[in-house]
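*Asks:* Got a structure for you, written out below as structure tokens; questions coming shortly.
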Amino acid sequence: MDITESEFTIFEVTPDPNELNNKRIKEIKGGKVNIKELFRYAGVFEIILLIIGIIGSIGVGCLNPLLMILTGDVVDTFVNGENFSKEGGSIKITTEEMNYEIMNSISDTINKLVLKMLYFAIGNMVAGFLQTICFFVLSEYQGIKIRSLYFKALLRQDPGWFDCHKTGELTSKIINDIQKIQDGMSLKFGRLFQTFSSFITGYLIGFIKCWDLTLVVLCMFPFIMVSMMGLGMSAGIFTMKSHKPFSEACSIAEQTIGNIRTVHSLTQERSFCESYNTKIMETDKYNIKKSIGIGTGLGCMMFFIMSSNALGSWYGNFVVRGKGGSDNVKAGTVLTVFMSVLLATQSLSQISTPINILNSAKVAAFNVYQTIDRIPDIDCQSIGGECPTECNGNIRFEDVQFVYPTRLSHHVLKGLDLEIKKGQTIALVGASGCGKSTTIQLIQRNYDPNGGRVTLDGKDIRELNIKWLRNQIGLVGQEPVLFAGTIRENIMLGAKEGATPSEEEMIECAKMANAHDFISKLPEGYDTIIGEKGALLSGGQKQRIAIARALIRNPSILLLDEATSALDTQSEKIVQEALEKASKGRTTIIVAHRLTTVRNADKICVFHQGEIIEQGKHQELMDLKGTYYGLVKRQSMEEEVDQETVENDLKKFREQEDKEVENISLEQTNLHNENSIVKQIKQEYKEEQKKLKHSNRFVLFRVIWNNYKHEYIFCTLGLIGGIGAGAAFPFYSLNFVDLIRVLMKLHPGINLTDEQANSILRSCMIIICIGIITMISFFCYVGLFMAAGEKMIGRIRRRFYYSIMHQNVSWFDRRENMVGAVTTKLTSDPTSLQGISAERVGDIIEIMSTVGFGFGIGLYFSWKLSLCILAVFPIISFFMFINGQLNSKNAAPAKAAYEQCGVTLVEVVEAMKTVQSLGKEDYFSQKYNNDLQIPKRGIIKWGPLLSITNAITNLLTFSINAYGYYLGICFMKKTINYQQDVPNFVDEIIDTFGDIQKALMTINSATTSFAQIGNVLPDVGKAVGAAKSIYNIIDRKPSIDCYSEEGETFNDVKGEIEFKNIHFRYPTRADNEVLKGISFKAEQGKTIALVGASGCGKSTTIQLIERFYDPTSGEVLLDGHNIKDLNIHFLRNQIGLVGQEPVLFAESVIDNIKRGVPEGVEVSNEQIYAAAKMANAHDFISAMPEGYNTMVGDRGSQLSGGQKQRIAIARALIRNPKVLLLDEATSALDSESEKIVQDALDKASKGRTTIVIAHRLSTIQNADKIYVIMRGKIVEQGKHQELIDLKGFYYTLAMQQFGTVN
């Protein structure tokens, strides 16, 4: 049956049948969501907060233009004073009395206006408090809720969906995109309403006070709107374009950091850095274009705003003289119109940042909400489907056909028919990639078949509740997946939903899996933390814990996919017996390459290219002498051994092992008395942290200086632009007061004098010039500084990744440096640096420029008033400082909590099939939600305090006008000359007021600008924390430096490896000595083998040769050179490594093989094909539709275990290494492939030193020397036959593995 892509629909995004979700999906087509959709997850409480926050924002926005009415009234008070002098001319009082009367009248009126200004200030404080606290709480709550929903949605998705998405892309959404959504709902969203309300109120006041003057000012409004629309479009388009390369960069980072050992062993650090840099630079390219677009739009907008003011200034003299459309217009009215309209249009100039942030949030929400909305066909959260009262375990495959969603043209199963009866044990055998593991996945319903059906007890499993189905199944996979935490937690994860096994039951399962003994000997026993993915355990130890986890489930169906592949022979024998016991009374399906483990199966099915070609019991198939017979014969050893002899030897072996265990226990007891090494390791760690803390003292200046150093042209122009933009408003205010002073002396029906006309024209021309300067300044300060900031963030992100790849393996072993935590830092910390990037530095420069010029001008015109107002600044600064400190205190624990969330996220996404097979979606969802409680508690603790300090700052800033006018009138009353003629007295009042108004308006622009620092401080607090986190890693100098150019190199490398009295402890487990004085030699061109029980230290020797770690004492030599003295890349380039768990990267087959090529070496396609042929990989690669260009999926998910292993072998062989390290290199291969690959490896070993770690002794019987390791010591050594003749440990292992094979 041919399956076309159009027919394959089960993995497409499936809309929710619910009408609401259908509506949502329609609404979000187009790359970003609308405002309503952005807040779709807001509950009643959050909606109330949103409404109150919007009201507060509108209040803050309205009060500033309304304050201009009072300011205009102040001006008109002086104009009225002049009128009063004319009216009082007929009254017979002395000139001095008249002057006092005029002054007192003005003073009384202004004092009343000052009181009203104070009421406005209090209103602004209340509105500001509501705005801050509501949006702070709203954004934090929504961020936590969306993180939780997204994580839950990921847990819900089917494996087919994950096959089509890279882990890095998914994790970047929760780390980066949700932060953008949160920013879009924060106070920055409130600023949108603040600016729009300010805009509307300002123009409304203008039309009410003087409609014709406002219309003249509005002439430029269409141009302002076009500039603003261009700004918004630039932000939206380039934000969307930057998303794809950034996600791809995150994917590269997550893959490489998660597989750092493989990256180091292949010396591919620089290559991956180049790939990462390419994606980040592509992201930077779009972000820089966005910045230039925003800067250009904002510069043009400011020019048109100033031009409109120039037009208004020119027309102002007509309306005051009664020649306009409005009647009774005074200078104060002109001032009110101008200032309110100026504030309205100026508010638009501040809208770029919130619009940019909102656009980013809407684009990010589109990506995140799509995942949350998606309801898969295979929905593990569904409550639908049958839940039978019992499960008998009768399984049937009926004409099942299947293709994977990412390889639609490759048929994995072709009409599979198979019946498995209750309680039967069925074995599936065959070559790698023939479909065995696929059948296991179909039984769990990880995928649905494209044709036919799978039934359980006669019911199609698609009709069963999926949680109920998976609850009946226990699975032990080919590559054991454990989770960061304790051994106890990992075993307990196997328990059925709602069940709580006792301690005794858990220990019994561990004993059945032959895990109890090694667990008991660990310092913390079952409470031992095993590290990320169980990194602190050997492969065999992980496998045994996974088996214990499956057994504690007591399932009706047991699925064993190469369950004992990673075990040593002794453990395999014991565990196999346990599994056979566990299989009784339940249906068991075994996938195995070691055919000794399936002899007792009720039925053995031989697969070939997706079809069963033979089936029957072991002896029936042996008698058939077909494919199965050939597979068995290939695995048989030549020796035939009497079973009774084997049992006696096993007994003897166990007795000897018990004695060895007793000795080890004594050694471990002695370890507690030998604390010098442990103390040394811990002391080194403390000193490292102390150095890093010292280097963090000047981190803020380092970030700023590093940015300026690399972008000095952009930054210099931005610096000049920032100063120009900051100076524009004080000088505009100065010029505007001169204009108002002229208008105050105009009267209806009176023509302009030449001096007045020239003065008005000069003011208009100055405003035009300020507009041109402002346009250029804003382009430089916003556009170029923002572009420099984006380049800085990109550069630091690249350097940060480079430094992470720089770290030695032991650094990644630390709990705080797990993959999720490190990728979270890499994604979020550089983004947080925007708080101290060039853009923010530009904001601060503009603010300080405004403050400097404002107070400079103020001091020149009224030094007393300026100094009195300046005295308020320390109080404002104090509250700003407190606000910044509170922001830092809030940000630090939240940052740590989100990093821990990142750890859980990456861990779960990478192991999603295991999580879903265990049915532990709710467990991990709860664990993730528990991590989110820390930032949630911070909201309640810090939100009110932040809002109060911010509100007090607003109160003080808003009160400056009232304070200034009150002081100004007091100074005038004391300094003015009352003894002159009334007209001269009035002129002096107006001139003196003009100077005070100049000082006050310029100072007011300074204080308003200074208050904007409060908006910058929260971002600065986050940025400083992020910078410390980044530079902690950048400044760290690892003891094993993979980038180091130092160290010896030499020609004619022979490849002789020698261990001299090696002792070793892992830095994270300093209390446990792994190797205890090991010495051995692998001579040039020879093959040595290391055998022994899981966890005895075999794989550790491989890691020491690769120099992932340095020994605690002793020496590892290459051709007589201590490897510590060799250049690290030179050393690793001499080595080819194939590990126990093959690691491939999410790229094509050919690119994965090329990863083995040392840096600077070119290889042809023919050489790649030759390496693949040697690894027995060429045929299956060529059979795939895309051949060598086939994408292998995230971590090789589109290939079988055996296929991945063969590509990994080809990758090692293409290095043409002098030393070949094979750590269970053929463990995942079927017997046919193993034989071919083993022959290839035997050939490849000629002329090079080969060190083999193997549990299958058949693969190492031809080794030149075999070393038997037990508990970190070599207990036997010799050739295969010598050790067999010795009849010691090795002999017993061999007998235990092969017994009486005919």
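The backbone N, Cα and C atoms fix where each Cβ goes, and this holds for glycine too.
Take a look at what Swiss-Prot says about it:
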| type | residues | note |
| --- | --- | --- |
| BINDING | 430-437, 1092-1099 | ATP binding site |
| DOMAIN | 51-360 | domain 'ABC transmembrane type-1 1' |
| DOMAIN | 395-634 | domain 'ABC transporter 1' |
| DOMAIN | 713-1022 | domain 'ABC transmembrane type-1 2' |
| DOMAIN | 1057-1296 | domain 'ABC transporter 2' |
| CARBOHYD | ASN83 | N-linked glycosylation site |
| CARBOHYD | ASN663 | N-linked glycosylation site |
| CARBOHYD | ASN751 | N-linked glycosylation site |
| CARBOHYD | ASN808 | N-linked glycosylation site |
| TRANSMEM | 43-63 | transmembrane segment |
| TRANSMEM | 118-138 | transmembrane segment |
| TRANSMEM | 192-212 | transmembrane segment |
| TRANSMEM | 213-233 | transmembrane segment |
| TRANSMEM | 292-312 | transmembrane segment |
| TRANSMEM | 331-351 | transmembrane segment |
| TRANSMEM | 712-732 | transmembrane segment |
| TRANSMEM | 765-785 | transmembrane segment |
| TRANSMEM | 841-861 | transmembrane segment |
| TRANSMEM | 862-882 | transmembrane segment |
*Asks:* With contact taken as 3 or more Cβ pairs under 8 angstroms (pairs 6 or more apart in sequence), are the transmembrane segment (712-732) and the transmembrane segment (331-351) in contact?
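*Replies:* The answer is no, given that the two segments have fewer than 3 Cβ pairs within the 8 Å cut-off.
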*Asks:* Fill in the CA-CA distance, SER1094 (ATP binding site) to ASN808 (N-linked glycosylation site), as an integer in Å.
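*Replies:* For SER1094 (ATP binding site) versus ASN808 (N-linked glycosylation site), the Cα atoms are 25 Å apart.
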*Asks:* Same chain, outside the transmembrane segment (192-212) by at least 6, Cβ under 8 Å from its Cβ: which residues?
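*Replies:* That would be 54, 57-62, 64-66, 68-69, 72, 131, 218, 315, 319, 324-326, 329, 333-334, 336-337, 340-345, 347-348, 350-351, 354-355, 358.
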*Asks:* When you check the transmembrane segment (331-351) against the transmembrane segment (213-233), do you get at least 3 Cβ pairs under 8 Å, counting only pairs 6 or more apart in sequence?
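*Replies:* As far as Cβ distances go (cut-off 8 Å, pairs 6 or more apart), the transmembrane segment (331-351) and the transmembrane segment (213-233) touch.
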*Asks:* Please report the Cα separation of GLY1092 (ATP binding site) and ASN808 (N-linked glycosylation site) in Å, rounded to an integer.
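*Replies:* GLY1092 (ATP binding site) and ASN808 (N-linked glycosylation site) have their Cα atoms 28 Å apart.
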*Asks:* Same-chain Cβ contacts of the transmembrane segment (862-882) under 8 Å, 6 or more residues past its ends?
*Replies:* 855, 949, 952-953, 956-957, 960, 963-964, 967-968, 971, 995-996, 998-1000, 1003, 1007, 1010-1011, 1013-1014, 1017
*Asks:* On a count of neighbouring CB atoms within 10 A, which of the recorded positions SER432, ASN751 is highest?
*Replies:* SER432
*Asks:* For LYS436 (ATP binding site) and ASN808 (N-linked glycosylation site), what Cα-Cα distance in Å is obtained after rounding to a whole number?
*Replies:* 38
*Asks:* Taking 10 A as the limit, how many CB atoms besides its own sit near the CB of GLY430 (ATP binding site)?
*Replies:* 26
*Asks:* Give residue numbers and ranges for long-range contacts of the transmembrane segment (765-785): same chain, 6 or more residues beyond its ends, CB-CB under 8 A.
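*Replies:* Cβ under 8 Å, 6 or more out: 291-296, 298-300, 302-307, 309-310, 313, 349, 352, 714-715, 717-718, 720-725, 728, 731-732, 735-736, 838-839, 841-842, 845-846.
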*Asks:* Give me the count of other Cβ atoms within 10 A of the Cβ belonging to LYS1098 (ATP binding site).
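*Replies:* Result for LYS1098 (ATP binding site): 27 other Cβ atoms within 10 Å.
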*Asks:* For the recorded positions listed here (ASN808, SER1094), tell me which residue's CB has the most neighbouring CB atoms inside 10 Å.
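*Replies:* Checking each of ASN808, SER1094, the winner is SER1094.
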*Asks:* In DSSP terms, helix, strand or coil for LYS436 (ATP binding site)?
*Replies:* helix
*Asks:* Which number gives the other C-beta atoms within 10 angstroms of the C-beta of CYS1096 (ATP binding site), all protein chains shown included?
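*Replies:* I count 24 other Cβ atoms within 10 Å of it.
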*Asks:* Find, for the listed binding-site residues CYS434, LYS436, GLY1092, the residue with the lowest Cβ contact count at a 10 Å cut-off, counting only other Cβ atoms.
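*Replies:* With the binding-site residues CYS434, LYS436, GLY1092, fewest surrounding Cβ atoms within 10 Å: CYS434.
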*Asks:* Quick one: pull the CA-CA distance for GLY430 (ATP binding site) versus ASN751 (N-linked glycosylation site), whole Å only.
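*Replies:* About 106 Å separates the two Cα atoms.
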*Asks:* Give the three-state DSSP assignment (helix, strand or coil) for GLY430 (ATP binding site).
*Replies:* strand
*Asks:* Between the Cα atoms of CYS1096 (ATP binding site) and ASN751 (N-linked glycosylation site), find the distance and write it as a whole number of Å.
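*Replies:* About 105 Å separates the two Cα atoms.
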*Asks:* Quick check for the class: what is the C-alpha distance, in angstrom and rounded, between ASN808 (N-linked glycosylation site) and LYS1098 (ATP binding site)?
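*Replies:* Distance between the two Cα atoms comes out at 20 Å.
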*Asks:* Between SER432 (ATP binding site) and ASN751 (N-linked glycosylation site), how many Å separate their Cα atoms?
*Replies:* 100
*Asks:* Summarise the model's confidence over the domain 'ABC transporter 2' (1057-1296) as a mean pLDDT value.
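*Replies:* Summarising the domain 'ABC transporter 2' (1057-1296) by its mean pLDDT gives 85.
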